[in-house]
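S.K.: The structure follows.
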Amino acid sequence: MMIMRKKHPLIKLINHSFIDLPAPSNISSWWNFGSLLGVCLMIQILTGLFLAMHYTSDTTTAFSSVAHICRDVNYGWLIRYLHANGASMFFICLFIHVGRGIYYGSYMLLETWNIGIILLLTTMATAFVGYVLPWGQMSFWGATVITNLLSAIPYIGTTLVEWIWGGFSVDKATLTRFFAFHFILPFIITALVLVHLLFLHETGSNNPSGLNSNSDKIPFHPYYTIKDLLGVLLLLMVLMILVLFFPDILGDPDNYTPANPLNTPAHIKPEWYFLFAYAILRSIPNKLGGVLALILSILILAAFPLLNYSKQHGLAYRPLTQFLYWVFIANLLVLTWIGGQPVEYPFTTIGQISSVLYFTIILVLMPTANAVENNILKLH
């Protein structure tokens, strides 16, 4: 008689995804971040659920309800900081996961890559509406500035912004709907993750060599379950160090001041994980142009499969494109730094140069390097 895990309709799904799944024998630790993202998502949903039990989405009580969670709820401070810093860990894993996909050419698994881009956008939307909920100064002004960008859309812009706000400014209606969005979106993300995995398991995983690994597969369990478990322990260690020793290091001090529509903070900026896109937005003097650049800074990921002219899979044996890749990563870090700086010389100029470089590397330099490498290696 066949063992239950191979026969039971539900358990066999888990078996095919996490136990008997044939995986390449040579995938490195860069492949750990998918499972780490799953763990981050579970942490966020669980801590978020407990926070939602005590939070009130009303402009008069939202700020004090967060203070109440931290002061009066048993381990409320821990749940709140796990949720806030868990979001940062989520984005660190997300950026590394995408970066690995670019480096090793995983974008050639088209359906998986495109669902991944949708996941990235959905996660960014979730984080944005979540940041508004504590109703501090930066929550309020961040919501005002970012939603106001939609007014740049010709003809329908102003109407659209007021429709999203539920009035003529960011107010009670906005906070209530943002809470509703923040509650529902993680479950949509979970559904998309399942679709992401479904498409990945249709083709099988990529590997560092970029070669077909069908002739050399090993079972996911125990090899990669143990490897993933080590990654999870390291992730939890870093998260707990952040939460217990430096809970506010990634936050903004302005968010400890209750929202005040009559007093604008000196420097309005989003959370650190949006700063690169914010820098690109600010580097264009025209409002509509800035909004388009902001959207394209993420959607440009969809262009990677179209701009890949290389005859080799991944960058493991392509030093020219490898160099450009690391310049691209360094440029992203520069953009992140610029996004957190005031709008004045020399930061504006550095931001503009970095923004141009961001798009130039992806659209011009990398495809050119692909063609040059093909030519050098006589891969026609």
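Keep in mind that glycine also has a Cβ here, set from the backbone N, Cα and C atoms.
Keep in mind it's a predicted model, so treat the numbers as computed, not measured.
Copying in the features that Swiss-Prot gives for the protein in this structure:
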- 33-53: transmembrane segment (TRANSMEM)
- 77-98: transmembrane segment (TRANSMEM)
- His83, His182: heme b b562 binding site (BINDING)
- His97, His196: heme b b566 binding site (BINDING)
- 113-133: transmembrane segment (TRANSMEM)
- 178-198: transmembrane segment (TRANSMEM)
- His201: ubiquinone binding site (BINDING)
- 226-246: transmembrane segment (TRANSMEM)
- 288-308: transmembrane segment (TRANSMEM)
- 320-340: transmembrane segment (TRANSMEM)
- 347-367: transmembrane segment (TRANSMEM)
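If you look at the structure here, what lies around each of the features I listed?
M.R.: Listed as Cβ neighbours of the transmembrane segment (77-98) (distance under 8 Å, sequence separation of 6 or more from its ends, same chain) are residues 30, 33-34, 36-37, 40-41, 43-44, 47-48, 50-51, 66, 69-71, 116, 120, 123, 127, 130, 235, 238-239, 242-243, 247, 250-251, 271-273, 301.
A sphere of 10 angstroms centred on the C-beta of His182 (heme b b562 binding site) encloses 22 other C-beta atoms.
For His196 (heme b b566 binding site), the same-chain residues 6+ apart in sequence whose C-beta sits under 8 angstroms from its C-beta are Thr112, Ile115, Gly116, Leu119. DSSP classifies His196 (heme b b566 binding site) as helix under the three-state reduction.
Sequence-distant neighbours of the transmembrane segment (113-133) (same chain, 6+ residues past either end, Cβ-Cβ under 8 Å): 55, 57, 62, 66, 87, 90-91, 94, 97-98, 101, 106-107, 139-140, 142-143, 146, 170, 174-175, 178-179, 181-182, 185-186, 188-189, 192-193, 195-196, 199, 270-271, 273-274, 298-299, 301-302, 304-305.
Sequence-remote contacts of a segment are chain residues at least 6 beyond its ends whose Cβ falls under 8 Å from one of its Cβ atoms, and for the transmembrane segment (178-198) they are 17, 37-38, 41, 44-45, 48, 52, 55, 57, 112, 115-116, 118-119, 122-123, 125-126, 129-130, 132-133, 143.
Cβ environment of His201 (ubiquinone binding site): His16, Ser17, Leu21 lie under 8 Å away, each six or more residues apart in the same chain.
Counting same-chain residues at least six beyond the ends of the transmembrane segment (226-246), those with a Cβ under 8 angstroms from any Cβ of the stretch are 29, 32-33, 35-36, 39-40, 43, 78, 81-82, 85-86, 88-89, 93.
Same-chain residues lying 6 or more positions outside the transmembrane segment (288-308) and placing a CB less than 8 Å from one of its CB atoms are 98, 102, 105, 107-108, 110, 113-114, 117, 120-121, 124, 149-150, 152-154, 276-278, 280-282, 355, 358-359, 362-363, 366-367, 370.
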S.K.: So, does the transmembrane segment (347-367) come close enough to the transmembrane segment (320-340) to give 3+ Cβ pairs below 8 Å, pairs being at least 6 apart in sequence?
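M.R.: Yes, these stretches are in contact.
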S.K.: Taking 10 A as the limit, how many CB atoms besides its own sit near the CB of His97 (heme b b566 binding site)?
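M.R.: The answer is 20.
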S.K.: Using the alpha carbons only, what distance in Å do you get between His182 (heme b b562 binding site) and His97 (heme b b566 binding site) once rounded?
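M.R.: Per the Cα atoms, His182 (heme b b562 binding site) and His97 (heme b b566 binding site) stand 23 Å apart.
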S.K.: In whole Å, how far is His83 (heme b b562 binding site) from His97 (heme b b566 binding site) when you measure between their Cα atoms?
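M.R.: That comes out at 20 Å between the alpha carbons.
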